Amino acid sequence: MNIVILAAGMGKRMYSDLPKVLHPVAGRPMLAHVLDTARALSPSRLVVVVGHGAARVREAVAADDVAFAEQAQQLGTGHAVMQALPLLDDNQPTLVLYGDVPLTSAATLQALVAEAGAQRFGVLTVEMPDPTGYGRIVRDAAGSIVRIVEQKDATEAEKAIREINTGIIVCPTGHLRKWLSTLRNDNAQGEYYLTDTVERAVADGVETVSAQPAAVWETLGVNSKLQLAEVERIHQGNQARRLLEAGVTLLDPARIDVRGELTCGRDVTIDVGCVFEGRVHLEDGVRIGAHCVIRNSTVGAGAQVHPFCHIDEAKVGPAGRIGPYARLRPGTELGEDVHIGNFVEVKNAQVAAHSKANHLAYVGDATVGSRVNIGAGTITCNYDGVNKHRTVIEDDVFIGSDTQLVAPVTVRRGATLGAGTTLTKEAPADKLTLSRAKQLTIDAWQRPVKQPKQ
């Protein structure tokens, strides 16, 4: 099967320099969602018709399995499909999709393709409570589709029809090539309508059939930021429903955003306002507090992530305690029962089991052993202005508050660093190491007093 995706429109009502099909739904361009659905049908040829912002669209979706055709002038949907004809295989039917209709399911498209087979003309239709603005499906007395009439060209009787054309069609490619060559633009829009091919099919004796989606929202197109927001909420509602049906507890299903793939074990609880990006896996018994952002990460069984944490390309071990207000940056790997507390940032560091950094610390480019206590205000000074250097902290180390570890440096097993230490050399095992300026008291000192204003 050939699949053609129309993605040439300007999207004037978006009021944006970004091509319409690149506006995101769930953090990904609408066109990327349509391509994913198209690939699920295993097409032999996949063609994207580009126009406005063609270079940006090509760059955004470039892939070995995608060919591009360019519609230099936007003269209608029929004209757009004409541009793809040289890239299509006449021996297989062609399915036409739209880059700004991101929620259509593969199951719905498979039903349409099955209904049409190899020789019939298939149209995806849906009944709308308010069909204003959509092309109407006109049927004869026997119920057969005879044509599709656009809103601006419809009579009052035709405007009363509630069954509308979604724009998604499938038909024999050889016939499509012939029908497109006969299209005219003598209509209110001055465009070449793809929908006019239905009348050509009827005239040529090609049976026209229809299929319907499981839900109306599958066929919603996006032409404005308002419609984009509506589609986003529908998609997020679908994601929330999937999680609930899988046994996840969502404290408010209307306040979760999944911008990628979220998988969960048993007895997972997610509080309000959380955002999940990329691939995220939450193991059994995980609890995620309110307003966390988690991206491309794994959270181990029984771990608790308290409110307002950011976790990016990191691994949290089983029974971990994160936050509130903690930040785990890429390359962070935490072992079992590791505690990362409020206003602690960890980057490109491996922290072994039962270690803790509970307050106000930066642990970057470090290897931290087991049962280590990192005191409040501890900083690994990893950057010399050109290169990053590593800090190694071995098992059972105790680091006092307000300590700076100037990398590269190693703290040996069982060492204790006194509060306020600036460590520039190796700290030996099982000893107290500290560096501290001599404390002075100046007896004759007086605090300055502000002079009264003149």
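Every residue, even glycine, has its Cβ placed from backbone N, Cα and C.
From a predicted model like this one, the values you see are computed outputs, not experimental measurements.
When Ser370, Ser401 are compared with the acetyl-CoA site residues Ala376, Asn382, Tyr383, Ala419, Arg436 in Swiss-Prot, the one appearing in that site is Ser401. For the region 'Linker' (226-246), the list of distant contacts is 14, 23, 25-26, 102-103, 217, 220, 253-254, 256-258, 262, 264, 270: same-chain residues at least six beyond its ends, Cβ to Cβ under 8 Å. On the 0 to 100 pLDDT scale, the region 'Pyrophosphorylase' (1-225) averages 95 in the predicted structure. Only His359, of the recorded positions Glu150, Asn223, His359, have a C-alpha within 10 angstroms of the C-alpha of Ala376 (acetyl-CoA binding site). Non-local contacts of Glu150 (UDP-N-acetyl-alpha-D-glucosamine binding site) by the CB criterion (under 8 A, 6+ apart in sequence, same chain) comprise Gly135, Asn187, Ala188, Gln189, Tyr193, Thr195.
Cβ environment of Leu6 (UDP-N-acetyl-alpha-D-glucosamine binding site): Val49, Thr77, Ala80, Val81, Val96, Leu97, Tyr98, Gly99 lie under 8 Å away, each six or more residues apart in the same chain. If you take the Cα of Asp100 (Mg(2+) binding site) and the Cα of Asn382 (acetyl-CoA binding site), they are about 46 angstrom apart, rounded to a whole number.
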